[in-house]
């Protein structure tokens, strides 16, 4: 009895494990459902794709082939063997022939066939055309350079001629006497080293005609020799003043001055003293430049000793 009871109990446990508990319907062992099969494209779609791919590859191959074909046809270095042979014969013929046109023409007729003669004519025409182009371009460049150079020289000459300048030297025939400060009004502007251009000299003053920056300079020499007589005093103030006078706005300004007090004793046979001043100044049209000195009777009258001048450096921005 006990053995039969144990067997029955095992049977019930086995039914619970397989059926999920008492009362559960018996469905047999559980398995995962198989995955669905992938969707296969229709045969017509695959054929269309393969055809399009083939057409695309064919078009690429044809394009590449045409590119290399035309490149080979347009290659300037592509010369046939016959053409090379003709050119070689022509060059050999001209090397061995005399420098007479009649000899060359007769040998061309006898030794060069018609096909090579056509190549020669085409080659000569191309060379002649290229030479004409080179000679013509060089001729045009030479003419252009000549024209440009002429205009440039003319412009330079015109600019130099129009550049204002003046160099004035002392007129020894009209030098004031005395020891006091005086204005020097007697200058040469067209004699010896004196010259003036595009500026005006009037009443002992240099008049500016063009606005601009000018360099002004003055060199004044004083001298005395014992044969000229005794000096009134042994202590002398030897000075020079460069003055600017404006007419539009009445005014006068000293631009530069220089000098010194000297002791000229009667024990010396000869005395000499030189003053030089210079500088850049902005001047307007109509302004006047003049020179003032002390002890004018002691001025050195040589043109390389007493002078003043001006020249324009640049325009006013």
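For all residues, glycine too, the Cβ spot is worked out from N, Cα and C.
Per Swiss-Prot, topological domain 'Cytoplasmic' is recorded for 1-47, and the stated evidence type is sequence analysis. According to Swiss-Prot, the feature compositional bias 'Basic and acidic residues' maps to 1-16. The topological domain 'Extracellular' annotation in Swiss-Prot covers 69-317. Annotated domain 'THD' per Swiss-Prot: 164-313, in sequence order. Summarising the annotation, Swiss-Prot assigns N-linked glycosylation site to 171, 198 and lists sequence analysis as the type of evidence.
Cβ neighbour counts within 10 Å, taken over all protein chains shown, single out 171 as the most crowded of the glycosylation sites 171, 198. A separation of roughly 22 Å, to the nearest angstrom, links the Cα atoms of residue 198 (N-linked glycosylation site) and residue 171 (N-linked glycosylation site). Break the domain 'THD' (164-313) down by DSSP state and the numbers are 9 helix, 87 strand, 54 coil.
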